[in-house]
Amino acid sequence: MAAEIQPKALTRKPILLQRVEGSQDVVNMAVIVPKEEGVISVSEDRTVRVWLKRDNGQYWPSIYHTMPSPCSCMSFNPETRRLSIGLDNGTISEFILSEDYNKMSPVKNYQAHQSRVTMVLFVLEMEWLLSTGQDKHFTWHCSESGQRLGGYRTNSGPSGLQFDVDTRHVFVGDHSGQVTILKLEQETCSLVTTIKGHTGGVTALCWDPVHRVLFSGSSDHSVIMWDIGGRKGTAIELQGHNDKVQALSYAPHTRQLISCGGDGGIVVWNMDVQRQETPEWLDSDSCQKCDQPFFWNFKQMWDSKKIGLRQHHCRKCGKAVCGKCSSKRSSIPLMGFEFEVRVCDSCHQSITDEERAPTATFHDSKHNIVHVHFDATRGWLLTCGTDKVIKLWDMTPVVS
């Protein structure tokens, strides 16, 4: 009897649609033009380019504009076609793009910062232009008059910026690993609180206004989900990168988070599951399983005539344990650990196969990603990086 041939399981992965090449230096930021086969990019080579798809299927610049300083960041509003470009010299230059995306007309310049602009965000509802700079300042301007409305000095250089329209809360992440939450009025701002959970600098922020959740990516390779709206102080850690997380995007219709980083990884997280907060690490002078002393516990070592051991922590229960009592490894996806981490022997026995089921998918972009933009209507993801290349991906196989 012939053996039955089983069909191979189809691997769901992003489909590379296009490589857009031509920039002479790092592409710091780019966006997909809604309802168009087009991309807008700003680069360290001082150029602003609008790439449109030609009949031959390739993307070529319909606009090639050189700025007086390297372009560090941008914000594009499709409704008004307003393009705000942050520069290395601290200026923000504003343009209006024509309907056919073949011309850009200058509107005004903002002398927003004393040094490189790190993030810029145009808020149509308030006619505000928000920005952060390496001068450790967050500022906001009236986009109609160009007048500076106010500012706030952070303790460290800001590197992430998000805004909630309903509550007028601003989230500013900085290189110290802290996120500062400010409340903006027309010409005043007040400090609401600061939150910190990263051991490295914050590199990217992403805001979900529906569920009132803030995501922060960091150079410590992790993403933290902050439940701002729940008012319980819940912070869920997500570990899925081998290098610094440099870009975040969110698909609200499917509640999936997309994180990208220096390792070239595109990680798609399912946030529509009941995740668990990681426990705090407990302090102890001896193993909380076998009571063996740790190496700094001189008294117990002398009394018991035993050599002190190195301290470890179980990622599931948080107990301080020795290497012998935590010899096992396991993934704990519901706690954010998609990779295998150290757990104590008793916790390892209690983790079921269902609890080890992954809640994220991992994909290789084959370039160091510094920025992403997700077009939810088409399911397209744009990635750009230090290799000067922009890539367009069809994410519908994995974001659905």
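Glycine too: its Cβ is placed from the backbone N, Cα and C atoms.
Features as listed in TrEMBL:
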DOMAIN    281-352  domain 'FYVE-type'
REPEAT    20-51  repeat 'WD'
REPEAT    195-228  repeat 'WD'
REPEAT    238-279  repeat 'WD'
REPEAT    362-395  repeat 'WD'
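Taken together, the residues of the repeat 'WD' (362-395) have an average pLDDT of 94.
Beyond the ends of the repeat 'WD' (20-51), by six or more residues, the same chain brings 59-74, 76, 78, 83, 85, 95, 97, 101-102, 104, 370-371, 373, 375, 377-378, 380, 382, 384-386, 388-392 to within a C-beta distance below 8 angstroms of the stretch. Within the repeat 'WD' (20-51), the DSSP-based counts of helix, strand and coil residues read 0 helix, 19 strand, 13 coil.
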